[in-house]
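Colleague: Take this structure, written in structure tokens, and hold onto it; I'll ask about it next.
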Amino acid sequence: MSNFRQNFSGVDNFSADLSVCVEEEKQFYPSAFLSIEYSVPEWEAIITMICLSTLIIGTIIGNIMVVISVFTYKPLRIVQNFFIVSLAVADLTVAIFVLPINLIYYLSGRWIFGIIICKIWLTCDVLCCTASILNLCAIALDRYWAITDPIVYAQQRTIKRVNMMILYVWLLSALISSPPLIGWNDWPEKFESDTPCQLTKQRGYVVYSSLGSFFIPLVIMTLVYVEIFLATKKRLRDRAKASKLNIVKQTTLHNAQKDVQSPLEAESVSSETDTKTGKHKNKKRKKSKKKNGQNNKKNSNNNNNNNNEEVFIDEFTPGFMSMT
């Protein structure tokens, strides 16, 4: 037993010596342009500042444009886009209050703002990141209800309901991020120059915050989007069947209309042919009448000529006889 205690104390001494060596090996790099020191080489600090500054500025501008667009552009001013506004506010808060301090903390290699700012900064970080994830979860649920029961949910999706869902998102985020402020932490009472600003390492809070901020929302969003995929696939299949049935109905109706119209068309065709034949017969009759009239005129002219000849002969015969 005494040997075990000696070995265990030896392990403790080794870990303490190792931590001292690590702290002694920690270096700071003076800047060639400013009277400050970096925890990394200056070229790495410059690249990090450029990248993170670009990310911060882009995040701020992008999320401000999202909020302004939803509230000023009328087609976007719909109830479901309020979840997008809540998500944009969470990301905007991270870009304004969390990322700049994180950049300074990374480059300086030490916490220089004191214990109160450290607690507020860590709480704000957990609050906004959790709110972003839970807003995504609320958006997934809103889409699921809109797809699976669109008629009923269209009536239930009111401004009051959406605002209550957003309020629950932020309250749940506050419940997950605030316990370290009320005692569930292992923070030191005083911050010295080498004291790191980091979340509590208590196992209970780590499990609690991890489940509430990441794992449970991950499971919910995965299940919801799988259900959305299946519901959308089923709806597309039903729509394809309905379109096929409509095509069949239209073809049968068109064929029935053809069957009804065919006798009528035959009658109209026969009547047209009758009228055409009647007109043709009338034309023939008119032509025959004209020919008969012309023949009668010719016959009458011939008769008149014959009569005139007979009269002339009758008149000429007595004179001739008297002369003889």
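Cβ coordinates are placed from backbone N, Cα and C, and glycine is handled just like the others.
TrEMBL annotations: computationally assigned, not manually curated.
Take a look at what TrEMBL says about it:
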type	residues	note
COMPBIAS	278-292	compositional bias 'Basic residues'
COMPBIAS	293-308	compositional bias 'Low complexity'
DOMAIN	62-291	domain 'G-protein coupled receptors family 1 profile'
REGION	256-324	region 'Disordered'
TRANSMEM	45-70	transmembrane segment
TRANSMEM	82-105	transmembrane segment
TRANSMEM	111-141	transmembrane segment
TRANSMEM	162-185	transmembrane segment
TRANSMEM	205-231	transmembrane segment
Colleague: For the transmembrane segment (82-105), which recorded stretch in the set 111-141, 162-185, 205-231 gives the largest number of Cβ pairs separated by under 8 Å?
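Modeller: Highest pair count goes to 111-141.
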Colleague: So which residues does the transmembrane segment (205-231) touch in its own chain, when a touch means Cβ under 8 Å and the partner is 6 or more beyond its ends?
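Modeller: Beyond its ends, the transmembrane segment (205-231) has Cβ neighbours at 126, 129-130, 133-134, 136-137, 140-141, 143-144, 147-148, 172, 175-177, 179-180, 184-185, 199.
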Colleague: Can you tell me the mean pLDDT for the domain 'G-protein coupled receptors family 1 profile' (62-291)?
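Modeller: Here the mean pLDDT over the domain 'G-protein coupled receptors family 1 profile' (62-291) amounts to 85.
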